[in-house]
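As recorded in TrEMBL:
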- 23-256: domain 'NADP-dependent oxidoreductase' (DOMAIN)
- 48: active site, proton donor (ACT_SITE)
- 73: site 'Lowers pKa of active site Tyr' (SITE)
- 106: substrate binding site (BINDING)
């Protein structure tokens, strides 16, 4: 496994297992498989409605808690001063842990300026080891940074060869920000996976085109969560640490024309701002609110 080190010295495994859109039943079935195969970075959120199952399977695995890098996120309705710390504590209780390794504000809506100091407080109190922003555009990152004691240590955004985020990385250069990418394979886009550059490199290295893209992410310094509930795909995703792309090959991938697969709406969808009973652990909505371009 390879790691990225945050500005405060925390090591994050570059390859993680995300449980977005997984029911508790799915988590109980597939998270043990991922842990058995060596995954040690687990990404969830209060709005995934599966934190209880995640916590149970981490505990049942017998793996020491300190060997697991555990992430959760707060939905925008959790940002207000009167509820933010309460909802952080509620996530910790559902996850059956005293701390998470990374705590995000999940989306750039609502009272995020009020919430950030509370995340800083959670960091100071040891309830999380790092804090970050998910899906935030640069202008809102700046709003938070202008009033922050702790600059966001991790950013989670869509990131893949068609949306490599080099501009955002350049804008935040100097702050030692770690970058995590969702949809690292472009949501499995066949057009991306079958681009000649990836098919050529797959043949050269004896890998799949997906593994070539995942290797590009590793060498970019990205932290990724290739979504799968297939054991064979879990194994394949782990089989990317025995080769390296050349500088020329990396440059060819970097030259792919940029077009994001999804955009985050300027205004929050109504369901983003609703307050939910997360104790039910049943997701009451199905859409993601991200617009596919």
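Residue numbering: from 1, along the chain as shown.
Glycine is treated like the rest: Cβ placed from N, Cα and C.
Automatic prediction, not curation, is the source of TrEMBL annotations.
Rounded to the nearest whole angstrom, the C-alpha distance between the residue listed as 'active site, proton donor' and residue 73 (site 'Lowers pKa of active site Tyr') is 9. Here the CA atom of residue 106 (substrate binding site) lies 5 Å from the CA atom of residue 73 (site 'Lowers pKa of active site Tyr'). Counting every protein chain shown, the number of other Cβ atoms lying within 10 Å of the Cβ of residue 48 (active site, proton donor) is 25.
Proximity of residue 106 (substrate binding site) to non-local residues of its own chain (separation of 6 or more, Cβ distance below 8 Å) is seen for 45, 47, 73, 74, 75, 76, 134, 135, given in sequence order. When secondary structure is read from DSSP and collapsed to three states, residue 48 (active site, proton donor) falls in the helix class.
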